[in-house]
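Sequence annotations record features per position, and here TrEMBL assigns transmembrane segment to 6-24, 31-48, 54-71, 78-98, 118-136, 143-165, 171-192. The domain 'TM7S3/TM198-like' feature in TrEMBL is assigned to 8-161.
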Amino acid sequence: MVDILAVVELIIGLVIGFSGKNIYKTSPQLGGFMIGGLLSTILVITFVAASPVWIPVAAFIGGGLVGALIAGPLYMIIVVLTSSLFGGLVGVIAGFFLTQQGITRMVVEGIFNFSTDITPVQLMMMLVFGVAFGAASLRFDEFMTMASTGFLGAFILTTGAARLFTPMTALFTDSIFLVFFWAGVGTAGTIFQNQTERD
């Protein structure tokens with residue numbers, strides 16, 4: 001059976017990663033629909049055991065509609081929140097580097113294994129970077145929107161790809177590959193959005 005959440009993550013991650021700024025700028029409701037739908041689907045699959053297929057689908061539609069209603073009048077808040085999420089992710093990664101004392105394998109495994117306990121140092125770094133990136137988006141909203149959607153979209157896509165393709169190839173079980181895959185897709189998405197904006 002196809003993992004519905006993985007497919008949703010692949011599609012939404014790809015769209016947000018390569019078109020996030022354009023979506024936020026021209027149709028924030030669409031961006032809100034995708035993010036709201038994804039979050040509600042994750043919550044349902046996480047907390048509703050053995051749910052039939054229609055429940056995640058209904059959760060995606062319902063959460064998406066709520067997200068679309070919120071995103072329209074609250075565009076700037078969505079931009080700040082997206083940048084803060086990106087900053088939080090960067091902070092967690094920085095925290096792993098500090099707490100794992102530069103041991104590369106442990107660091108990269110920790111980045112894509114958030115089931116492990118987050119230490120106070122990692123939590124502090126997540127909050128600091130989250131606030132800093134959110135504040136930066138108020139001054140540099142265009143760049144921060146491109147970077148945050150590029151790398152957050154890449155993160156969503158990477159988690160979906162790992163969930164979907166792990167049974168087919170061992171490559172997606174390698175944490176180092178996942179980190180480079182995420183960084184590559186995030187960089188490509190940010191550059192693509194920047195070039196599209198210039199054109």
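Including glycine, each Cβ sits where the backbone N, Cα and C put it.
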Task: Close approaches to the transmembrane segment (31-48) from elsewhere in its chain (Cβ under 8 angstroms; 6 or more beyond its ends) - done: 4-5, 8-9, 12, 15-16, 20, 23-24, 55-56, 59-72, 78, 156
Open item on the list: So if I exclude everything within five residues of the ends of the transmembrane segment (118-136), which remaining residues of that chain have a CB under 8 angstroms from its CBs? That is, six or more out.
Closed with: 80-81, 83-92, 94-96, 98-99, 144, 148
